[in-house]
Amino acid sequence: MSERERRLSTASSSSTTATERGGGQEREKLQLLSLSTGKFMDIPEKDRLGKCRSVQEFEKLNRLGEGTYGIVYRARDTRSGEIVALKKMRMDREKDGLPISGLREITLLLNVTHRNIVDLKEVVVGTKSLDSIFLVMEYCEQDLASLLDNMDTPFSEAQVKCIMLQVFNGLEYLHDNFIIHRDLKVSNLLMTDKGCIKIADFGLARTFGLPPKPMTPRVVTLWYRSPELLLGAKTQTTAVDMWAAGCIFGELLAHKPLLPGRSEIHQLELIVELLGTPSEAIWPGFSQLPALEQISLKKQPYNNLKHRFPWLSEAGLRLLNFLFMYDPKKRGSAEECIKSSYFKEKPLPTEPELMPTFPHHRNRRRNVQRPEARPKDQDTAYKRPDFGQAFSSPAKKMKL
């Protein structure tokens, strides 16, 4: 038996056999192993969430996909007959118990309630107790990545407005509650057959305060990663989610990824080609970003959004530019985007319940190979962006 199995076995034994007397009655004494001290600690009854159900009470129907920190299945609750999404959390093989990323996701989802955020119904355990943990979540018939990869006719502009308004509403709620999602992308946007958009996969989400604390910049899937993250900014704000929302907006309008970089350096090249070269004048503090010690951005003075979307109205272009402001402090907030005149001009946003229904594509093979964001858990450790062999020498500076 491995050390990890021994500890799990001991912890399980402690929680089921140890009892304490009080008021003439014997009560179960719950102990858990502390990951920080390595010692067992008593859990007061007031802090317990209650007994978790077993995953055996759910019938797995098919695999839906793989999120940042777990595999997701479509399943049936054998008690109620309800169809749910069952997410098996990745267990950290090097430590005891659930990784901190999984604990963060559970904690965050238990404390948020909004129609545009996926609902965590309960947490269930595997057949070997804490050897496996599953999140039981509401089931949504579609994710936008599968839809975009498989649909023949693009979303209409009215339908795009409907989707983006719901995304902004969900982000406004998160940001008002001091939560940054940090991995917003089309595959993490789910849609029900009633046209309701749900933000999902909170494995990288973090709470924030003022002033913001350092976090690892290597988060957010590459195609949706903001320039401040690509250039190594040590602090993050809700602006990283808003940049990602701009990428999603452009992807829905174009019916293809807007900035499909192959590497971090290529991602920067695509951003500069589309928006022009940032400078200290438009982005105070830009010249002090860590990655600029190794690279020099190509001089490109033009914003090409209008050429990329020649049919988009002035209000639509203003909104897109607002989301793509280089300076995170000037980038549009979710609240400001909801109030954009773009959503008040024709064509008006489609009502969610009038959105079309689509064949269910979530378990089909995808045509587009989309990158993933899988950083380590050490949030405060800064690692220089991976620009390849070009930066093997600190003195070498590359021009993009």
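Using the three backbone atoms N, Cα and C, a Cβ is placed for every residue, glycine included.
Predicted automatically and left uncurated, TrEMBL annotations should be read as such.
Features as listed in TrEMBL:
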- 1-29: region 'Disordered' (REGION)
- 9-20: compositional bias 'Low complexity' (COMPBIAS)
- 58-343: domain 'Protein kinase' (DOMAIN)
- Lys87: ATP binding site (BINDING)
- 348-400: region 'Disordered' (REGION)
- 359-368: compositional bias 'Basic residues' (COMPBIAS)
- 369-386: compositional bias 'Basic and acidic residues' (COMPBIAS)
DSSP-derived structure type at Lys87 (ATP binding site), helix or strand or else coil:
strand
Taking the Cβ of Lys87 (ATP binding site) as centre, how many other Cβ atoms lie within 10 Å?
29
Averaged over the whole of the domain 'Protein kinase' (58-343), what is the pLDDT?
91
